[in-house]
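Database features (TrEMBL):
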SITE      Glu21  site 'Interaction with galactose moiety of substrate glycoprotein'
ACT_SITE  Glu75  active site, proton donor/acceptor
CARBOHYD  Asn94  N-linked glycosylation site
REGION    103-129  region 'Disordered'
COMPBIAS  103-116  compositional bias 'Basic and acidic residues'
SITE      Gln112  site 'Interaction with galactose moiety of substrate glycoprotein'
Amino acid sequence: MRWTRGVSVWPVGLVGGLRFEGPRVQDGRVVGFHTAWEPNRPFPVDMAGFAVALPLLLAKPDAQFDATAPRGHLESSLLSHLVDPKDLEPRAANCTRVLVWHTRTEKPKMKQEEQLQRQGRGSDPAVEV
């Protein structure tokens, strides 16, 4: 996070009914997102999965969260004012390591993960969760 110049992104574990959700990275660039819920959102990323550099935020004073955004689109409401998806900065070893989790005191529900696995699109087993 400390080297973020614009907007950095990374995977988040145990979220959205998956082992993890997060950016798909190819050749050091974000090329898409591993998510099950509304994958066509402009930025299908969890609130815990990004950081914004303060100079960028100060340079764009009109950028803010839209309190009227539909459920799950709050992140996109802010990020769409700050960065183009192609300019996202992947962190956490090019998004191959999960360093942030949604934690609860109950067993995680993995319904979305099971559904994606049946479709042959499950979470990358090489990503350490």
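Keep in mind that glycine also has a Cβ here, set from the backbone N, Cα and C atoms.
Positions of TrEMBL features highlighted on the structure.
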residue : record                                                             : Cβ within 10 Å
Glu21   : site 'Interaction with galactose moiety of substrate glycoprotein' : 27
Glu75   : active site, proton donor/acceptor                                 : 20
Asn94   : N-linked glycosylation site                                        : 16
Gln112  : site 'Interaction with galactose moiety of substrate glycoprotein' : 19
Shortest C-alpha distance to Asn94 (N-linked glycosylation site) - which of the recorded positions Glu21, Glu75, Gln112: Glu21
Distance [Cα-Cα, Å, rounded] between Gln112 (site 'Interaction with galactose moiety of substrate glycoprotein') and Glu21 (site 'Interaction with galactose moiety of substrate glycoprotein'): 11
Glu21 (site 'Interaction with galactose moiety of substrate glycoprotein') and Glu75 (active site, proton donor/acceptor), distance between Cα atoms, whole Å: 14
